[in-house]
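Undergrad: Not my notes, these are from Swiss-Prot:
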BINDING   214-229, 478-488  FAD binding site
BINDING   357-371  NAD(+) binding site
DISULFID  C345-C348  disulfide bond
DOMAIN    109-208  domain 'Glutaredoxin'
Amino acid sequence: MLDTNMKTQLRAYLEKLTKPVELIATLDDSAKSAEIKELLAEIAELSDKVTFKEDNTLPVRKPSFLITNPGSQQGPRFAGSPLGHEFTSLVLALLWTGGHPSKEAQSLLEQIRDIDGDFEFETYYSLSCHNCPDVVQALNLMAVLNPRIKHTAIDGGTFQNEITERNVMGVPAVFVNGKEFGQGRMTLTEIVAKVDTGAEKRAAEALNKRDAYDVLIVGSGPAGAAAAVYSARKGIRTGLMGERFGGQVLDTVDIENYISVPKTEGQKLAGALKAHVSDYDVDVIDSQSASKLVPAATEGGLHQIETASGAVLKARSIIIATGAKWRNMNVPGEDQYRTKGVTYCPHCDGPLFKGKRVAVIGGGNSGVEAAIDLAGIVEHVTLLEFAPEMKADQVLQDKVRSLKNVDIILNAQTTEVKGDGSKVVGLEYRDRVSGDIHSVALAGIFVQIGLLPNTHWLEGALERNRMGEIIIDAKCETSVKGVFAAGDCTTVPYKQIIIATGEGAKASLSAFDYLIRTKIA
């Protein structure tokens, strides 16, 4: 199961264990059970602190295994294979169960230990999903820390019957005590806040006590991270606030055009950005979104950022780097069937539609790449492009046209998502040449029609263009003195990671120049 290199790395990690770990497998006669048994036996051979045993009498999913301590039943459970992107989740679960501390803030760990109530979480994942590990790891950690919290991470490919019964059409999909809890990427802080209902109020009260910053950066993607590093290096009081560190990068799989880094993955780059920021004196505020900008009443005064949690943060200068999100089709049925067949991540959710018919909306690079990827998994792909021709690179167009199970429809305006009340069953589109309406029967719709800037919260506060992008000049200055902007949320052309980081650095330098030239009001 594990090659020599993986065994060497895992053996080194297991040396960090400070207390014994027991792997308890519940298996059947399936090939997947044999695979898991082999994997667990290999892991146990790598450390004298790890033991493996079978107990096939337990009333749990088969195949599955519990990671616990001898004499205990507390800890995370994996149902199915924890390989692919989830192998890291397995390694971390072993470390945490074996006494190696988590790197999360101590205050957050104590909050988890103090959660009152019984919670049984179930998370469905796919081995190709790059968004799933964050959720699986967060809930695994909670199960290690609090005996009243249980978590089972379930491989959707192994338990396809449950995927069908529960209408899971997007991963990660989380259930708690048998009811839907959430879908898509969630941070540990976000999950804890949903479980601990008083957490948001306490967080807002704590934020309100923060002193004013010299520069407050709103958005923790590449632009925000670069701005934070450049600002902190100037020795000024720097705050960095965001919903999730890494931003849109977290939803990117392969990155091959970030100069000096020939190839990496979105999660790895986001982790590197976070590690770089942590090297400096930056007050990082996670899982917080801005709801309003209140510009300073006088030049040199304090600007205010109101958060969705009800807090108010103040700063002499602001850098807005809130990035962008996937653009919606804005047609009937899209909202109703979101995560029930309407999805935005082919890498995460593609395996859930194995052997089914799907559509991809959009003929740009993202859409054509999605169609190519999906063609190897699903029965058939229908690619719909609004314009008379696709806008993807020619090499991608040539590739997708060579695939026998992909149909391309141009001049197609999607008009409605069709469903049966619980899941997608098809879509309708209008031929923009003839005006005729056509129906396509399918199970999934992958929307790939570009990005929308995350600037809705700035309505009336500063100038934006008709696309919602913040209008900036060559120095990243906005229409409000002391407020700067950088990255995908601005009018800067070409939405690229490397451009966003450069713009973040530029915005930071401009903000510093503003601070040293402006008297404090």
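Every residue, even glycine, has its Cβ placed from backbone N, Cα and C.
Are these features on the surface or tucked inside, and what touches them?
TA: Taking the Cβ of P222 (FAD binding site) as centre and 10 Å as the limit, one finds 30 other Cβ atoms among all the protein chains shown.
Counting only same-chain residues six or more apart in sequence, the Cβ atoms lying under 8 angstroms from the Cβ of I361 (NAD(+) binding site) belong to M329, G367, L384, T414, I445, F446, V447, Q448, I449.
Cβ neighbours of C348 (disulfide bond) (same chain, under 8 Å, six or more residues apart in sequence): S126, S128, C129, H130, N131, C132, G170, V171, P172.
Mean pLDDT, taken over the domain 'Glutaredoxin' (109-208), works out to 93 on the 0 to 100 scale.
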Undergrad: Counting across all protein chains shown, how many other Cβ atoms sit within 10 Å of the Cβ of G482 (FAD binding site)?
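TA: For G482 (FAD binding site), the count of other Cβ atoms within 10 Å is 22.
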Undergrad: Can you check which residues sit near G363 (NAD(+) binding site), meaning Cβ under 8 Å from its Cβ, same chain, 6 or more apart in sequence, and list them in order?
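TA: Expected: L383, L384, E385, F386, A387, E389, M390, K391, A392, I408, L410.
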Undergrad: Here are some binding-site residues: V218, A359, A486. Which one has the most Cβ atoms within 10 Å of its Cβ?
TA: A486
Undergrad: Based on DSSP, tally up the residues of the domain 'Glutaredoxin' (109-208) by helix, strand and coil.
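TA: Residue counts in helix, strand and coil order: 43 helix, 23 strand, 34 coil.
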Undergrad: Using a 10 Å radius around each Cβ and all protein chains in view, which of these recorded positions has the most neighbours: A226, C345, A371?
TA: A371
Undergrad: Spatially, and counting Cα to Cα, which of the binding-site residues is closest to A226 (FAD binding site)? Options: R357, A359, E369, A371.
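TA: Result: the closest of the binding-site residues to A226 (FAD binding site) is E369.
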